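K.L.:
Summarising the annotation, TrEMBL assigns domain 'MARVEL' to 13-148, 153-297. According to TrEMBL, the transmembrane segment annotation covers 44-66, 78-101, 121-142, 154-177, 192-218, 225-246, 272-291.
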């Protein structure tokens, strides 16, 4: 008896270029955290973060491959194209961070005191962590919106930039809680409010795009996102001026790193990280605003 509903399994999910990239992600991810768990070892917050990244990305990628191979994603009440594009960008950022952090804190050239076998396992894990990043970056490259192509919003430059903006904001928040002394002045508290507001709204934009609920809103979502992006540029411009003045001007802070500041626990270091990534996010929002003039939302893909 012939089936009238088409094939039950979608072989393109594992044979297409994107499918092959995802299979490589699963392979490299599994290899990386297996090497670390078996002999490489990890400790402290940095090692725990790296293990979380590798296991989290592995689990979600297996879920994506399974859903596409069995057509189960059609049963989910989300915008699948937006979800996969958003996750690929997020995984790219997370894996490149882990690929830098793990060798930086755990890899050494000599065998003492961890032993040559542990050192070799850590070096191998670092190599596969780098390959894992390239596999996710390849998916982003393959699925990004092409000129004139009708695609999901999260696959566009503006959609991908939303993920990067939120990720950079998380780095800023991490530096803020690391004894940055942001509560010392009202002006720096304003900067924290700017970071928090833009982060929350950016996450809401991503959430509405991924869930495919933009058409249910009573206001024009596309125009609202463009207006918000313009507002975010203005807000980050204010933070980009205020934060360095109140942290590095000799009247309010210190233009140079204090000599007695302990490495890893120095407020000046956290303030410098925040200043740098404030300018990074400002640039991202400016680029986002420029690209948002050239796209149209497609919420149902």
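The chain as shown is numbered from 1 upward.
Quick reminder: no glycine exception, Cβ is built from N, Cα and C everywhere.
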K.L.:
Note the mean pLDDT of the domain 'MARVEL' (13-148), expressed as a whole number.
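P.N.:
That stretch averages a pLDDT of 94.
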K.L.:
Between the transmembrane segment (192-218) and the stretches 154-177, 225-246, 272-291, work out which stretch tops the count of Cβ pairs under 8 Å.
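P.N.:
Most Cβ pairs under 8 Å with the transmembrane segment (192-218) come from 154-177.
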K.L.:
Based on DSSP, tally up the residues of the domain 'MARVEL' (153-297) by helix, strand and coil.
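P.N.:
Summed over the domain 'MARVEL' (153-297), the classes give 110 helix, 0 strand, 35 coil.
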